[in-house]
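Q: Under the heading compositional bias 'Gly residues', TrEMBL lists 269-278, 312-325. The compositional bias 'Basic and acidic residues' annotation in TrEMBL covers 334-344. As annotated by TrEMBL, region 'Disordered' applies to 267-344. Look at TrEMBL and you will find 69-93, 113-136, 148-166, 178-197, 209-229, 235-256 tagged as transmembrane segment.
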Amino acid sequence: MEVVQEKLHRFKDLYEWSLAISDERVKGWPLMSTPLPTLGLFAAYVTMVKVGPRLMAHRAPFQLRLPLIAYNLAIMLLNLYIGVELAIVSVRLKYSWFCQPVDYSTNPDEMRIAAALWWYYISKVVEFTDTLFFILRKKNNQLTFLHIYHHSTMFLLWWIGVKWVAGGSSFLAAMMNSFVHVVMYAYYGLSAFGPAVQKYLWWKKHITCIQLVQFTSAGVLGARAIVVGCAFPLWMQYALVVYMSSFIVLFGQFYVQAYRLKQKKLKGGKSGSGGHQGGANSITHNGVASGKHAANGVPRQEGQVHKEGSGKKSGGGGQKGGQRGGNARTRGQLRREGRARHDS
(Lines of atoms letter the chains of each structure in order from A and count residues from 1; the text may use other names and numbers.)
(Lines give C-alpha, C1' and ligand atoms only; values in the text may rest on other atoms or scores of the structure.)
Protein backbone atom coordinates (compact mmCIF):
# COMPACT_ATOMS: atom_id res chain seq x y z
CA MET A 1 0.00 0.00 0.00
CA GLU A 2 2.83 2.36 0.80
CA VAL A 3 4.36 1.71 -2.63
CA VAL A 4 1.10 2.69 -4.31
CA GLN A 5 0.80 5.84 -2.23
CA GLU A 6 4.38 6.79 -3.06
CA LYS A 7 3.77 6.38 -6.78
CA LEU A 8 0.58 8.42 -6.59
CA HIS A 9 2.45 11.13 -4.72
CA ARG A 10 5.17 11.20 -7.39
CA PHE A 11 2.58 11.36 -10.14
CA LYS A 12 0.87 14.25 -8.37
CA ASP A 13 4.17 16.10 -8.07
CA LEU A 14 4.93 15.51 -11.76
CA TYR A 15 1.45 16.68 -12.75
CA GLU A 16 1.69 19.86 -10.69
CA TRP A 17 5.20 20.57 -11.99
CA SER A 18 4.09 20.11 -15.62
CA LEU A 19 1.19 22.52 -15.13
CA ALA A 20 3.53 25.02 -13.49
CA ILE A 21 5.76 25.19 -16.58
CA SER A 22 2.86 25.40 -19.06
CA ASP A 23 2.03 28.51 -21.05
CA GLU A 24 0.50 31.04 -18.65
CA ARG A 25 -1.14 32.91 -21.53
CA VAL A 26 -3.66 30.11 -22.23
CA LYS A 27 -4.32 29.08 -18.63
CA GLY A 28 -7.75 30.72 -18.41
CA TRP A 29 -8.90 29.81 -21.92
CA PRO A 30 -11.81 27.33 -22.36
CA LEU A 31 -10.78 23.66 -21.83
CA MET A 32 -7.17 24.62 -21.10
CA SER A 33 -6.95 24.78 -17.28
CA THR A 34 -6.78 21.01 -16.75
CA PRO A 35 -6.74 17.98 -19.07
CA LEU A 36 -9.96 16.60 -17.56
CA PRO A 37 -12.42 18.16 -20.07
CA THR A 38 -10.29 16.96 -22.98
CA LEU A 39 -9.99 13.47 -21.50
CA GLY A 40 -13.75 13.43 -20.90
CA LEU A 41 -14.49 14.37 -24.51
CA PHE A 42 -12.00 11.75 -25.69
CA ALA A 43 -13.77 9.10 -23.58
CA ALA A 44 -17.14 10.22 -24.96
CA TYR A 45 -15.79 9.89 -28.51
CA VAL A 46 -14.51 6.35 -27.93
CA THR A 47 -17.85 5.43 -26.34
CA MET A 48 -19.70 6.82 -29.36
CA VAL A 49 -17.56 4.73 -31.70
CA LYS A 50 -18.25 1.57 -29.67
CA VAL A 51 -21.94 2.06 -28.84
CA GLY A 52 -23.19 4.11 -31.81
CA PRO A 53 -23.17 1.35 -34.47
CA ARG A 54 -24.97 -0.99 -32.06
CA LEU A 55 -27.72 1.55 -31.43
CA MET A 56 -28.13 2.02 -35.20
CA ALA A 57 -28.03 -1.71 -36.01
CA HIS A 58 -31.84 -2.09 -36.30
CA ARG A 59 -32.61 1.42 -37.44
CA ALA A 60 -32.77 2.88 -40.93
CA PRO A 61 -29.87 5.18 -41.87
CA PHE A 62 -30.56 8.89 -41.59
CA GLN A 63 -30.69 10.98 -44.76
CA LEU A 64 -28.51 13.96 -43.87
CA ARG A 65 -27.68 15.65 -47.16
CA LEU A 66 -28.40 19.24 -46.07
CA PRO A 67 -26.76 18.91 -42.61
CA LEU A 68 -23.70 17.39 -44.31
CA ILE A 69 -23.42 20.26 -46.76
CA ALA A 70 -23.76 22.86 -43.99
CA TYR A 71 -21.33 21.05 -41.68
CA ASN A 72 -18.62 20.61 -44.30
CA LEU A 73 -18.95 24.24 -45.37
CA ALA A 74 -18.59 25.40 -41.75
CA ILE A 75 -15.51 23.24 -41.11
CA MET A 76 -13.97 24.38 -44.39
CA LEU A 77 -14.42 28.05 -43.43
CA LEU A 78 -13.05 27.47 -39.92
CA ASN A 79 -9.91 25.84 -41.32
CA LEU A 80 -9.58 28.61 -43.90
CA TYR A 81 -9.65 31.20 -41.11
CA ILE A 82 -7.04 29.31 -39.05
CA GLY A 83 -4.72 28.76 -42.02
CA VAL A 84 -4.91 32.35 -43.27
CA GLU A 85 -4.47 33.78 -39.75
CA LEU A 86 -1.37 31.68 -39.11
CA ALA A 87 0.06 32.49 -42.54
CA ILE A 88 -0.43 36.27 -42.26
CA VAL A 89 0.84 36.64 -38.70
CA SER A 90 3.80 34.26 -39.12
CA VAL A 91 4.95 36.24 -42.16
CA ARG A 92 4.59 39.50 -40.22
CA LEU A 93 6.66 38.05 -37.36
CA LYS A 94 9.17 36.62 -39.86
CA TYR A 95 8.77 33.09 -38.51
CA SER A 96 11.20 30.47 -39.79
CA TRP A 97 9.86 27.18 -41.16
CA PHE A 98 13.00 25.37 -40.00
CA CYS A 99 13.28 26.50 -36.38
CA GLN A 100 11.15 28.98 -34.49
CA PRO A 101 11.40 29.29 -30.69
CA VAL A 102 8.22 30.01 -28.74
CA ASP A 103 7.77 33.63 -27.66
CA TYR A 104 5.71 33.48 -24.46
CA SER A 105 5.21 37.24 -24.33
CA THR A 106 1.86 38.98 -24.63
CA ASN A 107 2.86 40.63 -27.90
CA PRO A 108 -0.43 41.07 -29.82
CA ASP A 109 0.79 39.13 -32.84
CA GLU A 110 2.13 36.31 -30.68
CA MET A 111 -1.25 36.19 -28.94
CA ARG A 112 -2.91 35.92 -32.35
CA ILE A 113 -0.71 32.90 -33.12
CA ALA A 114 -1.67 31.33 -29.79
CA ALA A 115 -5.36 32.05 -30.38
CA ALA A 116 -5.25 30.52 -33.88
CA LEU A 117 -3.63 27.38 -32.46
CA TRP A 118 -6.35 27.20 -29.80
CA TRP A 119 -9.00 27.39 -32.51
CA TYR A 120 -7.16 24.64 -34.35
CA TYR A 121 -7.38 22.49 -31.21
CA ILE A 122 -11.13 23.27 -30.93
CA SER A 123 -11.61 22.29 -34.58
CA LYS A 124 -10.40 18.80 -33.70
CA VAL A 125 -13.24 18.21 -31.25
CA VAL A 126 -15.72 19.65 -33.76
CA GLU A 127 -14.42 17.12 -36.30
CA PHE A 128 -15.68 14.32 -34.05
CA THR A 129 -18.91 15.06 -35.92
CA ASP A 130 -17.37 13.33 -38.96
CA THR A 131 -17.63 10.06 -37.06
CA LEU A 132 -21.15 10.84 -35.82
CA PHE A 133 -22.34 11.32 -39.39
CA PHE A 134 -20.81 7.97 -40.41
CA ILE A 135 -22.67 6.25 -37.56
CA LEU A 136 -26.03 7.93 -38.24
CA ARG A 137 -25.77 7.11 -41.96
CA LYS A 138 -24.66 3.54 -41.13
CA LYS A 139 -21.39 3.95 -43.04
CA ASN A 140 -19.67 1.61 -40.60
CA ASN A 141 -17.08 0.59 -43.19
CA GLN A 142 -15.71 4.14 -42.81
CA LEU A 143 -15.03 3.62 -39.09
CA THR A 144 -11.53 2.33 -39.77
CA PHE A 145 -8.59 2.29 -37.39
CA LEU A 146 -7.04 5.14 -39.39
CA HIS A 147 -10.14 7.31 -39.02
CA ILE A 148 -10.56 6.72 -35.28
CA TYR A 149 -6.82 6.98 -34.53
CA HIS A 150 -6.51 10.23 -36.48
CA HIS A 151 -9.54 11.95 -34.94
CA SER A 152 -8.99 10.89 -31.33
CA THR A 153 -5.24 11.45 -31.05
CA MET A 154 -5.18 14.81 -32.85
CA PHE A 155 -7.53 16.21 -30.22
CA LEU A 156 -5.43 14.91 -27.32
CA LEU A 157 -2.06 15.92 -28.71
CA TRP A 158 -3.11 19.42 -29.69
CA TRP A 159 -4.34 20.09 -26.16
CA ILE A 160 -0.75 19.34 -25.12
CA GLY A 161 0.57 21.53 -27.93
CA VAL A 162 -1.53 24.55 -27.01
CA LYS A 163 -0.97 24.05 -23.28
CA TRP A 164 2.85 24.12 -23.51
CA VAL A 165 3.92 25.41 -26.93
CA ALA A 166 1.23 27.78 -28.26
CA GLY A 167 3.55 29.40 -30.78
CA GLY A 168 6.92 29.00 -32.41
CA SER A 169 7.36 26.00 -34.70
CA SER A 170 3.92 24.68 -33.72
CA PHE A 171 2.38 27.09 -36.23
CA LEU A 172 3.67 25.25 -39.30
CA ALA A 173 2.00 21.86 -38.77
CA ALA A 174 -1.31 23.54 -37.89
CA MET A 175 -1.14 25.92 -40.86
CA MET A 176 -0.38 23.17 -43.39
CA ASN A 177 -3.06 20.87 -42.00
CA SER A 178 -5.65 23.65 -42.01
CA PHE A 179 -5.12 24.39 -45.70
CA VAL A 180 -5.27 20.67 -46.52
CA HIS A 181 -8.56 20.46 -44.63
CA VAL A 182 -9.95 23.35 -46.67
CA VAL A 183 -9.51 21.22 -49.79
CA MET A 184 -10.70 18.05 -48.06
CA TYR A 185 -13.91 19.47 -46.60
CA ALA A 186 -14.65 21.28 -49.85
CA TYR A 187 -14.58 17.87 -51.52
CA TYR A 188 -16.83 16.33 -48.84
CA GLY A 189 -19.28 19.22 -49.07
CA LEU A 190 -19.51 19.04 -52.85
CA SER A 191 -19.87 15.25 -52.85
CA ALA A 192 -22.85 15.60 -50.48
CA PHE A 193 -24.80 17.21 -53.35
CA GLY A 194 -25.07 13.77 -54.94
CA PRO A 195 -24.22 12.07 -58.26
CA ALA A 196 -24.86 15.19 -60.34
CA VAL A 197 -21.82 16.84 -58.72
CA GLN A 198 -19.81 13.77 -57.73
CA LYS A 199 -19.01 12.91 -61.35
CA TYR A 200 -16.91 16.09 -61.57
CA LEU A 201 -14.90 15.36 -58.39
CA TRP A 202 -11.97 13.63 -60.03
CA TRP A 203 -9.44 14.80 -57.43
CA LYS A 204 -10.33 12.59 -54.46
CA LYS A 205 -7.16 10.49 -54.50
CA HIS A 206 -5.01 13.61 -54.84
CA ILE A 207 -6.20 14.72 -51.39
CA THR A 208 -4.49 11.67 -49.89
CA CYS A 209 -1.32 12.52 -51.85
CA ILE A 210 -1.39 16.07 -50.46
CA GLN A 211 -1.81 14.68 -46.94
CA LEU A 212 1.18 12.39 -47.40
CA VAL A 213 3.29 15.33 -48.62
CA GLN A 214 2.18 17.33 -45.58
CA PHE A 215 3.07 14.56 -43.10
CA THR A 216 6.41 13.91 -44.76
CA SER A 217 7.32 17.61 -44.80
CA ALA A 218 6.44 18.07 -41.13
CA GLY A 219 8.36 14.93 -40.16
CA VAL A 220 11.47 15.91 -42.13
CA LEU A 221 11.49 19.44 -40.67
CA GLY A 222 11.09 18.01 -37.18
CA ALA A 223 13.95 15.55 -37.71
CA ARG A 224 16.14 18.35 -39.06
CA ALA A 225 15.48 20.44 -35.95
CA ILE A 226 16.52 17.49 -33.76
CA VAL A 227 19.75 16.90 -35.69
CA VAL A 228 20.79 20.54 -36.23
CA GLY A 229 19.44 21.85 -32.95
CA CYS A 230 16.63 24.29 -32.25
CA ALA A 231 15.49 26.36 -29.27
CA PHE A 232 12.10 24.65 -29.41
CA PRO A 233 11.18 21.95 -26.83
CA LEU A 234 13.01 18.79 -27.87
CA TRP A 235 10.31 16.47 -26.54
CA MET A 236 7.83 18.16 -28.88
CA GLN A 237 10.10 17.61 -31.87
CA TYR A 238 10.44 13.90 -31.07
CA ALA A 239 6.68 13.60 -30.57
CA LEU A 240 6.12 15.30 -33.94
CA VAL A 241 8.48 12.97 -35.81
CA VAL A 242 6.98 9.81 -34.28
CA TYR A 243 3.41 10.99 -34.85
CA MET A 244 4.04 12.02 -38.46
CA SER A 245 5.73 8.67 -39.11
CA SER A 246 2.61 6.84 -37.94
CA PHE A 247 0.48 8.92 -40.32
CA ILE A 248 2.83 8.27 -43.24
CA VAL A 249 2.51 4.51 -42.66
CA LEU A 250 -1.28 4.52 -42.16
CA PHE A 251 -2.18 6.97 -44.93
CA GLY A 252 0.31 5.29 -47.28
CA GLN A 253 -1.30 1.93 -46.61
CA PHE A 254 -4.74 3.44 -47.21
CA TYR A 255 -3.61 4.96 -50.52
CA VAL A 256 -2.21 1.66 -51.77
CA GLN A 257 -5.31 -0.30 -50.79
CA ALA A 258 -7.87 2.26 -51.93
CA TYR A 259 -6.32 3.23 -55.26
CA ARG A 260 -3.39 1.10 -56.43
CA LEU A 261 -4.78 -2.34 -55.55
CA LYS A 262 -8.28 -1.32 -56.60
CA GLN A 263 -7.01 -0.24 -60.04
CA LYS A 264 -5.21 -3.56 -60.47
CA LYS A 265 -8.37 -5.48 -59.55
CA LEU A 266 -10.45 -3.45 -61.99
CA LYS A 267 -7.93 -4.03 -64.80
CA GLY A 268 -7.86 -7.74 -64.04
CA GLY A 269 -11.64 -7.89 -64.00
CA LYS A 270 -11.92 -6.15 -67.38
CA SER A 271 -9.56 -8.57 -69.06
CA GLY A 272 -10.90 -11.78 -67.58
CA SER A 273 -14.58 -11.41 -66.75
CA GLY A 274 -16.27 -10.79 -70.05
CA GLY A 275 -16.51 -7.04 -69.55
CA HIS A 276 -17.71 -7.10 -65.92
CA GLN A 277 -15.41 -5.14 -63.67
CA GLY A 278 -13.95 -6.95 -60.72
CA GLY A 279 -15.38 -10.40 -61.42
CA ALA A 280 -18.48 -11.95 -59.89
CA ASN A 281 -18.03 -11.02 -56.25
CA SER A 282 -15.79 -7.94 -56.06
CA ILE A 283 -18.10 -4.97 -56.35
CA THR A 284 -16.44 -2.33 -54.17
CA HIS A 285 -17.74 0.54 -52.09
CA ASN A 286 -15.21 3.02 -50.72
CA GLY A 287 -12.43 0.51 -51.31
CA VAL A 288 -14.17 -2.28 -49.35
CA ALA A 289 -15.24 -5.41 -51.19
CA SER A 290 -18.90 -6.12 -50.49
CA GLY A 291 -19.36 -9.35 -52.38
CA LYS A 292 -22.83 -8.20 -53.47
CA HIS A 293 -24.56 -7.02 -56.61
CA ALA A 294 -27.55 -4.69 -56.68
CA ALA A 295 -30.86 -5.53 -58.28
CA ASN A 296 -33.12 -2.46 -58.56
CA GLY A 297 -31.07 -0.83 -55.85
CA VAL A 298 -31.42 -3.72 -53.38
CA PRO A 299 -28.23 -5.65 -52.56
CA ARG A 300 -28.62 -9.32 -53.33
CA GLN A 301 -26.24 -12.21 -52.75
CA GLU A 302 -24.93 -13.86 -55.88
CA GLY A 303 -26.21 -17.23 -54.73
CA GLN A 304 -29.70 -15.84 -54.38
CA VAL A 305 -29.62 -14.60 -57.95
CA HIS A 306 -28.70 -18.04 -59.26
CA LYS A 307 -31.31 -19.71 -57.08
CA GLU A 308 -34.09 -17.43 -58.25
CA GLY A 309 -33.04 -17.84 -61.85
CA SER A 310 -33.03 -21.65 -61.64
CA GLY A 311 -36.43 -21.61 -59.96
CA LYS A 312 -37.92 -19.60 -62.80
CA LYS A 313 -36.40 -21.91 -65.35
CA SER A 314 -37.70 -25.03 -63.67
CA GLY A 315 -41.12 -23.45 -63.26
CA GLY A 316 -41.19 -22.46 -66.91
CA GLY A 317 -40.08 -25.96 -67.92
CA GLY A 318 -42.93 -27.48 -65.90
CA GLN A 319 -45.47 -25.29 -67.64
CA LYS A 320 -44.11 -26.16 -71.06
CA GLY A 321 -44.05 -29.84 -70.15
CA GLY A 322 -47.67 -29.65 -69.02
CA GLN A 323 -48.64 -28.02 -72.31
CA ARG A 324 -46.84 -30.73 -74.29
CA GLY A 325 -48.57 -33.40 -72.23
CA GLY A 326 -51.97 -31.82 -72.80
CA ASN A 327 -51.37 -31.62 -76.57
CA ALA A 328 -50.30 -35.26 -76.64
CA ARG A 329 -53.51 -36.40 -74.86
CA THR A 330 -55.65 -34.40 -77.27
CA ARG A 331 -54.02 -36.02 -80.31
CA GLY A 332 -54.46 -39.50 -78.79
CA GLN A 333 -58.16 -38.92 -78.16
CA LEU A 334 -58.67 -37.80 -81.77
CA ARG A 335 -56.93 -40.91 -83.10
CA ARG A 336 -59.08 -43.22 -80.94
CA GLU A 337 -62.27 -41.45 -82.00
CA GLY A 338 -61.22 -41.76 -85.64
CA ARG A 339 -60.59 -45.52 -85.29
CA ALA A 340 -63.94 -45.97 -83.53
CA ARG A 341 -65.78 -44.27 -86.39
CA HIS A 342 -63.88 -46.39 -88.92
CA ASP A 343 -64.75 -49.62 -87.11
CA SER A 344 -68.40 -48.71 -86.96
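The count begins at 1 with the first shown residue.
A Cβ is built for glycine as well, from the same backbone N, Cα and C atoms used for every other residue.
Automatic, uncurated: that is what TrEMBL annotation is.
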Q: Considering only Cβ pairs within less than 8 angstroms, which of the stretches 69-93, 113-136, 148-166, 178-197, 209-229 has the most against the transmembrane segment (235-256)?
A: 209-229
Q: Relative to the transmembrane segment (148-166), which of 69-93, 113-136, 178-197, 209-229 accounts for the most Cβ pairs at distances under 8 Å?
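A: When the Cβ pairs under 8 Å are tallied, 113-136 comes out ahead.
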